[in-house]
């Protein structure tokens, strides 16, 4: 990296020179879990229904691969003490072009995940309060659209928080909400007499691209991993944070997938909450919990995008401009959510095209570029090349399938 690049990184990482400041192990775990255990938990049963029981093997395989590439990002950060963010890793590996490429994929992924949160809120609130509408300036706004706007107004103040330490308290609520959601789904099946009677299919080849793409979406936290790592008091503990986050989220995803598929089989909708009997109290708790989830995750997902804009000299150290930037970001996600309200297919597109690139391909490429020893280590090189080949295959096939479905429904 040239001198100017190093100086730029140094200016962005002054906080690392203050060892007494930073986020502790537990808070970082909450933030990491909040990033991983996102809206994917609602669609994981649908993904399993698309691929069949044997696709569970692919869920666990994707989890292991993404955990490993998370470790690769951590090793990339070890190559230079001034690396703080994912784009910093791209710049250190491939120069300015690398920074631009990483930034585009990372920020578009995070942006679309934020859009998914709003679509999710609109769908579930519309299930709770069907046929809701109101008029605004002679224009009638339907239920889903109205709830998307309402949700954006609720999450807006949380986006103004810039400290990851403060966001950890919000993240803890998100982790608890995910746990309660799994309990509620189990309760609906076991106590509310929906039952676990669906046998499902062993393998469905035609639905496998959609299933794997949605599995990849579930583990798309890599964009925020470097930011979480650099915010820690002790960065050496971040590998343990990754292990805790991936093991916990995989148990959660696996449990939800099995419960939902046993309950509804091939009749599963893109979000399992849309299948639940609306008059049951457990269903209402599940949906209200679902509504809490995006509210706790939206801020931490959009934070890297806002921070990247605020690092520009013209915006730096201005609280009012920071609020304006983050408010504008929220408004733009509302517009996109109202324009493309297809939760499952948008999720599959994010997973196959963006999440695979950010979570599998780019970490491997950056690591190979920065670590010459890895290119000479036979076993490690085979593992990394295998991840690259698998990621390319998932990306190409899944992207084609998801785009075809989105265009069809438009």
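Backbone N, Cα and C define each Cβ position, glycine as well.
What TrEMBL records for this protein:
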DOMAIN    22-401  domain 'Amino acid transporter transmembrane'
TRANSMEM  53-73  transmembrane segment
TRANSMEM  100-121  transmembrane segment
TRANSMEM  141-159  transmembrane segment
TRANSMEM  166-190  transmembrane segment
TRANSMEM  210-229  transmembrane segment
TRANSMEM  241-265  transmembrane segment
TRANSMEM  285-309  transmembrane segment
TRANSMEM  321-340  transmembrane segment
TRANSMEM  346-368  transmembrane segment
TRANSMEM  380-403  transmembrane segment
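Most Cβ pairs within less than 8 Å of the transmembrane segment (141-159), among stretches 53-73, 210-229, 285-309, belong to 285-309. Here the transmembrane segment (321-340) sits against the transmembrane segment (100-121); at least 3 CB pairs are under 8 Å, leaving out pairs fewer than 6 apart in sequence. Between the transmembrane segment (210-229) and the stretches 53-73, 241-265, 285-309, 346-368, 380-403, the greatest number of Cβ pairs separated by less than 8 Å involves 346-368. Residues 25, 28-29, 32-33, 35-37, 40-41, 44-49, 53, 56, 59-60, 63, 66-67, 70-71, 74, 178-179, 181-182, 185-186, 188-189, 194-200, 218-219, 221, 225, 228-229, 232, 272, 275 of the same chain sit 6 or more residues outside the transmembrane segment (241-265) yet have a Cβ under 8 Å from a Cβ within it. Remark: the transmembrane segment (380-403) contacts the transmembrane segment (53-73), by the rule of 3 or more CB pairs under 8 A.
By the count of Cβ pairs under 8 Å, the stretch nearest in packing to the transmembrane segment (166-190) among 53-73, 100-121, 285-309, 346-368 is 285-309.
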